[in-house]
Amino acid sequence: MNVNKERMLNEFYELIRIPCSTGDEREVADLLKKRLKKLGAQDVKEDDAGSKINGNAGNIIATFGATMEGLPTVAFTAHMDCVEPCAGIEPVLKDGVITSKGDTILGGDDKSGVAAILEGLRLMKENALPHGKIVIIFCVAEEGGLRGSRNIDTKLTQGIDFGYVMDSSGAPGKIINQAPGQNAIRVTMHGKRSHAGLAPEDGVNAIVMMGTALARLPYGRIDEETTANVGFIDGGIATNIVADKCSVKAEARSRDLAKLKQQTDAMKEAFMSVEKDFPGGKAEVEVEEIYQPYLVDENSLCIEVAKRAAKEAGLEPNVGATGGGSDANNFNKHSFPAAVLATGMTKVHTPEECLLEEHLYQTGEWVYRIIEQLPHVQH
């Protein structure tokens, strides 16, 4: 293994100790810009995504110029933000497992990806690896809707042949080449308020309207590629008032864009259908595309290089689909083909989050081996 373990572990600890909740990535962004310049990046830019999403930092896009002609331009990406609670993280290493002290998350999602990219770049520099143009993208606001990559300045990502998003649970070697798209569905039932004891017949109960619609709703596992869920409901004021308003938040996901539309339309129809059953009531349905599905061909150069590099790093490559979204959804839509590579993060978004020390090092080695493979592929 080429990774400098002590250096990589210390840098990972440094990164996770910086509070960086979504929209508040300024401190870690400034650190990463300085570090990328020190590593030899020819160009380090910060786009205006932060101002678009009311955050205090934008996406960081750094370019390392080619040292050999005729090689593909490759991107490595990770996100800077993390979920709460992420202030005051104190790592604990015991028996080869890294955890927090238990009152915060660990922050491996996605500082394990950030640390792997930085270590891979250092090894590239120390070993004078020949390479094509390499673009590093550190995104803001991945958590809660992929808003950083959705608002990235695409002028800064032109010319990238393919890329790797270092952001998935699972052991290093896992390669995600397809993921679903997601639509958010927000619904409000508008009824008519009345006194529940004196004049219930004068009211139209929005909660009952919503319950009737939910009973008609196709949800759960629709098929192998498609899921749907209702995750939030709110309505009513008191038991003696016929509720005049009830709201839910739901979602539909599918790896097939046509199926995503079909499922979304079916859910919308279920909600709208109750209007005829409740005279005077109204259903209001809002649909928002969060991200589109993607598929990177398993025979593509992107996947082939990742598989070869995994083997060189002593890992067992395995290619498959996921049910979750990542910045790769947006990159595949508007910038470049991108696969997601696992970094070993486990139980993310919880105080029980952990990361095997060995997985951290393996991910850094994997990034290095990908760069090492580039002169040996036919572009």
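Including glycine, each Cβ sits where the backbone N, Cα and C put it.
Long-range Cβ proximity for GLU143 (Zn(2+) 2 binding site), meaning a same-chain Cβ under 8 A and a gap of 6 or more residues, is found for THR22, HIS79, ASP81, CYS82, VAL83. Look at GLU143 (Zn(2+) 2 binding site): DSSP puts it in coil. Residues annotated as Zn(2+) 2 binding site in TrEMBL: ASP109, GLU143.
ASP109 (Zn(2+) 2 binding site) counts 26 other C-beta atoms within 10 Å of its own C-beta, drawing on all protein chains shown. The Zn(2+) 1 binding site feature in TrEMBL is assigned to ASP109.
Taken from TrEMBL, the feature active site, proton acceptor applies to GLU142.
What TrEMBL records for 184-273 is domain 'Peptidase M20 dimerisation'.
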C-alpha spacing of ASP109 (Zn(2+) 2 binding site) relative to GLU142 (active site, proton acceptor), in angstrom: 10
Assigned element (helix, strand, coil) containing ASP109 (Zn(2+) 2 binding site), judged by DSSP: helix
Helix, strand and coil residues within the domain 'Peptidase M20 dimerisation' (184-273) as assigned by DSSP: 31 helix, 37 strand, 22 coil
